[in-house]
Each structure stands twice: as structure tokens, then as C-alpha cells.
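Visitor: Okay, handing you the structure first.
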Amino acid sequence: MKTFALILAGGQASRMGGEDKGLALLGGKALIDHVIDRVRPQVSHIAISTNRNLEEYARRSPHIFPDARQWQHFGPLSALCTAANDLQLAAADWLLVVPCDMPYLPDDLVARFETVSKRTPLCNAYYVETPITMHYNIMYIRPQILQSAIPYLFSGMKTLRSWLQQQRARPVRFEFDGHFADLNTQIDLQEG
């Protein structure tokens with residue numbers, strides 16, 4: 001089974017003062033490098049969605065792409081709509097989607113998603129649930145459902161939560177919320 005990863009690094013980083021969040025440093029290392037180190041052993045390919053510093057991100061993965069112009073500034077759904085037309089991603093059986101600002105992702109993230117997907121083979125989308133909250137921006141999805149994000153976004157809808165609900169996505173429970181801490185501000189980075 002081929003699982004690819006799509007790392008979302010295309011946001012405006014308004015809470016980070018406009019600094020490119022994926023390249024912000026945590027312990028002397030870019031946030032995206034922490035994320036790549038966590039997911040690389042779990043997947044066979046990594047793609048990065050980013051809208052700036054393309055050359056810098058290309059050093060980390062040759063498979064990078066910006067949001068298509070018509071979908072820019074619609075958050076993570078912009079990346080999903082653009083990815084819907086990416087033939088390389090379409091070759092995967094599953095796509096792990098994670099943001100660039102979660103440096104503590106668990107080493108068994110894909111294994112846990114795979115286990116649940118084998119028990120529920122008709123389900124095409126999963127997301128993380130912890131005792132504290134739902135993390136809709138961490139998804140394990142069939143690449144074929146990405147096409148449905150396009151009419152969803154054109155209809156004026158913009159949230160991952162309702163798109164995942166439309167896909168009848170199921171939560172996968174993780175007990176330790178600390179794995180999913182997102183570092184959105186400079187203060188978060190200092191405390192991280």
C-alpha cells in the first residue's frame with residue numbers, strides 16, 4: 001500500500017507576524033524539517049504545498065506546488081483543490097495530510113490510520129481526534145476524493161470540518177494531545 005504525504009505550508013502565517021511558518025525555527029531547525037523527520041519514515045513520498053520561498057522548500061522535496069491562482073487564500077482547502085489535479089499524488093493509495101507547524105507528530109500516525117482503515121474499508125477519509133479536540137487538518141484520505149474539494153470550495157464553503165463531514169470521514173482516536181500541538185506564534189516557538 002502506497003502512502004504519500006502532503007505537508008501544508010502555504011498559509012499566510014498572520015499569527016506569526018507574516019513569517020513563513022514552515023521556515024520558522026524551533027530549536028535551531030525549521031518547523032517543516034521537524035514535520036518531515038516525523039513523517040518521512042511513515043510514507044513513501046512527500047509533497048509540499050507552499051505559496052512562497054519555493055526554492056527553499058524544493059531543497060526539502062522536489063515535489064512542491066503553490067495553490068492554483070483561483071484557489072489562493074482559502075486556507076488548507078486551496079492546497080487540496082490544487083492537489084486534486086496532481087497526477088503524482090493520484091498514484092498513492094492513501095494521502096496523509098499534515099500542517100507544517102506540528103513538529104511532534106507521533107511515529108505511528110500512519111500505522112494507526114491504516115489499522116482503522118482496514119477495519120472500515122468503505123471509508124475514504126479519517127482525521128485525528130484527541131481527548132481535547134478534533135484535528136481536521138491532519139487527514140488520511142484517498143486521493144480520489146480530492147476532486148470533491150473543488151465544487152465544495154466553489155460553492156462558498158471553506159472549512160475542512162464540513163468538507164470532511166461531507167466525505168463521511170471518521171475520527172481516529174489518539175490519547176496524547178501533545179503530539180498535535182500546533183506552533184502558530186513566536187511565543188509558541190519559544191515555549192515549544
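Any Cβ shown, glycine's included, is placed from N, Cα and C.
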Visitor: Which candidate from K2, K21 does Swiss-Prot annotate alongside L8, A9, G10, D67, D101 at the GTP binding site?
Guide: K21
Visitor: Does G10 (GTP binding site) have same-chain partners at least 6 apart in sequence with Cβ under 8 Å from its own Cβ, and which are they?
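Guide: Non-local contacts for G10 (GTP binding site): S49, T50, N51, P66, D67, S78, A79.
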Visitor: Taking the residues L8, A9, G10, K21, D67, D101, which the record names as binding GTP, find the longest CA to CA distance and state it in Å to the nearest whole number.
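Guide: That value is 18 Å for the farthest Cα pair.
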Visitor: Would you mind pulling the DSSP three-state label for D67 (GTP binding site)?
Guide: coil
Visitor: Return the residues near L8 (GTP binding site), defined as same-chain residues 6+ apart in sequence whose C-beta is under 8 angstroms from its C-beta, sorted by sequence, else 'none'.
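Guide: In sequence order, S49, P76, A79, V97, V98, P99, C100, N137 meet the Cβ cut-off.
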